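These come from TrEMBL:
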- B:6-26: transmembrane segment (TRANSMEM)
- B:31-51: transmembrane segment (TRANSMEM)
- B:57-83: transmembrane segment (TRANSMEM)
- B:90-114: transmembrane segment (TRANSMEM)
- B:134-156: transmembrane segment (TRANSMEM)
- B:186-208: transmembrane segment (TRANSMEM)
- B:220-253: transmembrane segment (TRANSMEM)
- B:265-283: transmembrane segment (TRANSMEM)
Amino acid sequence: MRIELVKRKEQSRAMLLLSPLIAVGLTLITAALLFIVTGKDPALGLYKFFIEPLTDTWSLQEIVVKATPLILIACGLSVCFLSNNWNIGAEGQFVFGAICGCFLPILFPEFANGATLPLMLLFGALGGAAWAFIPAILKTRFNTNEILTSLMLVYVAGLLLDYLVRGPWRDPGGFNFPESRIFSDAATLPAIGDGRMSLSAPIALIVVVVLAIVLARTMKGFEIRVMGESPRAGSFAGFSAKKLTLFAFAFAGAMAGLAGTMEVSGSLNQLLPSISPGYGFTAIIVAFLGRLNPVGILVAGFILALSYIGGEAVQASMGVSDKIASVIQGLLLFYVLACDTLILYQVRLSRARPAAIAGEAEHV
Amino acid sequence: MFEAVLLTVITAATPLLIAAIGELVVERSGVLNLGVEGMMIMGAVVGFAVANQTGSGSLGVVAAIGAGMAMSALFAFLVLVMVTNQVASGLALTILGLGLSGMIGEAFIGVPGLKLPELHIPFLSDLPFIGPVVFQQDALVYVAFALVAGVSYMLFRTRMGLVLRSVGDNHASAHALGYSVIKVRFLAILFGGACAGLAGAYMSLAYTPQWVENMTAGRGWIALALVVFASWLPWRVVAGAYLFGAVTVLTFHAQAQGFGIPSQFLSSLPYLATIVVLVLISANRRLTLVNTPACLGKPFVPDR
């Protein structure tokens, strides 16, 4: 018995909606198996992981806090992926953006007025864009593989942050702990509600709405999609692949840098040696689960944010490693990719191949 | 002094060499598996765990190879049967591997490890300088070179290699000639997984005999870059791996000496060197275009 793919005449509308749901369902089943293998009650595990965080306001707020950077980064990445630019270094752009956004409150703490926060966000976005520009320029100028260069820069940005926080940017009054000084109120993103959420959440929402309109209704959005699906057709239309690569990377970097700055300013309130639990990588899953569509990304961001909170919950209450969150995230991406195949293809199980073809193939 | 440095270069280069030669075969068949880091870290943790539980380094190595192959089989099912995007599937494999290894490895953090024994080749290992460097290594160092020689011979001197390269260069023609593109690619991916698992075992059983979370630290990615560096030619992978081994070791020694350079800058050297090398190689179009498998990363759906 073998699995055969038969191309559909056109995209299956039903599968377009169903495939992410099937993927989530399969992930739940696998997660249950994972709990059984580790000797835990699967029903309790699934409840603690996926349901309980949705039942109290503290963890609901926490989900919003975690979803915000994921959604912002994934929005940027969707523009890259749609236009066939494989930026997988968003984690580095997040970190470098945060470094650029946070030098003001760290080096010039006395500069604290109404302009501080807007400037920080601006520098953060510019910093992230600059970091993303490196692989983009190397790709357009030297034809260098952007996957590897953008990823290598993740390690470099992480080491740079580590150096700054342990060295020149260490808090002079901080008893030698590797952390920067705590930001003043003027450099802190205003909180929403009782303090966990900050202004970053509505900013991310605005980005989602604007990007959705740009992608669906403007020439730029058309250019991004055409160049991704058929660069040749796009070049006949007068679009430049190189310019679009630079644009897509700069936009993705800016979003990641903005997210990094807002994470530090709104949640952490100081720079630490590590400021991200892998948001830049998880955002790749968010982008694919959301089908590279801003509204889809909004929903997917909350699902992946839930996986972070759920991982912490099962670790605290059931003694399961919180690495289970990362396992579930990886599985989810597998299932999403596999289920997306169902949109373009029908899967058929066939008994055997025609004898003639089978016979010829045996010569290998 | 020089002898000691050379010995550490060899141990630093070997995991890169093993992982890269496996990925080279995968890419020659036309598949880009970005999951090397994930397969390698799984090899590292499974190799360490099995060696620790059974007390046998060889069993650990075998288990690590199995773990790498199991991970790669998952990838192969996705990209070959379900025709998913290879870049995204490889990333998924890495994310999954990093998480799964963290879960498995939690019980082994801080547990003293088991080091693979060094082989002493009779008489020759007594030679001054050459003896310790060439004839007194652990078995996997020799396995790495055997793999390179074997892959080089297989690719360019056997029928199997010809079929593999034709599948990677033009899968439609290979299919029309009656070769099973899927089967060839599946076997190539499995070989790549076995090599990545072996490279992981080298990390946790020879290079630093212990388990540390994320201990591969991007070596899987550097191995991917090495394949490009080598422009898909096996013996050039050796040069690349030893170059990177040397850079890694030099940064260690520079850190020990101090020189007043912050250690983080030295630690970032291998990653920066990877970028520089990739730029130099890819700027040379003639070199890359000749050997790049033409169907690299392109999905194949047989028409029936």
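Backbone N, Cα and C atoms are what each Cβ position is placed from, and that goes for glycine too.
Long-range contacts of the transmembrane segment (B:6-26) within its own chain (CB-CB distance under 8 A, at least 6 residues past either end) are made by residues 32-33, 36, 40, 132-133, 137, 140-141, 143-144, 147-148, 151, 155, 164, 188-189, 191-196, 198-200, 202-203, 206-207, 216, 219-220, 222-224, 226-227, 230, 232, 234, 237-238, 240-242, 244-246, 248-249, 252. Comparing B:31-51, B:90-114, B:186-208, B:220-253 for CB pairs under 8 angstroms to the transmembrane segment (B:57-83), the maximum falls on B:186-208. Taking Cβ pairs closer than 8 Å, the transmembrane segment (B:90-114) reaches residues 32-42, 44-46, 48-49, 51-52, 55, 57, 60, 71-72, 74-75, 78, 204-205, 208-214, 220 in its own chain, all 6 or more past its ends. Cβ atoms under 8 Å from those of the transmembrane segment (B:134-156) belong to residues 10-11, 14, 17-18, 21-22, 24-25, 28, 61, 116-121, 124-125, 127, 164-165, 195, 198, 201-202, 206, 234-235, 237-238 of the same chain, restricted to positions at least 6 beyond its ends.
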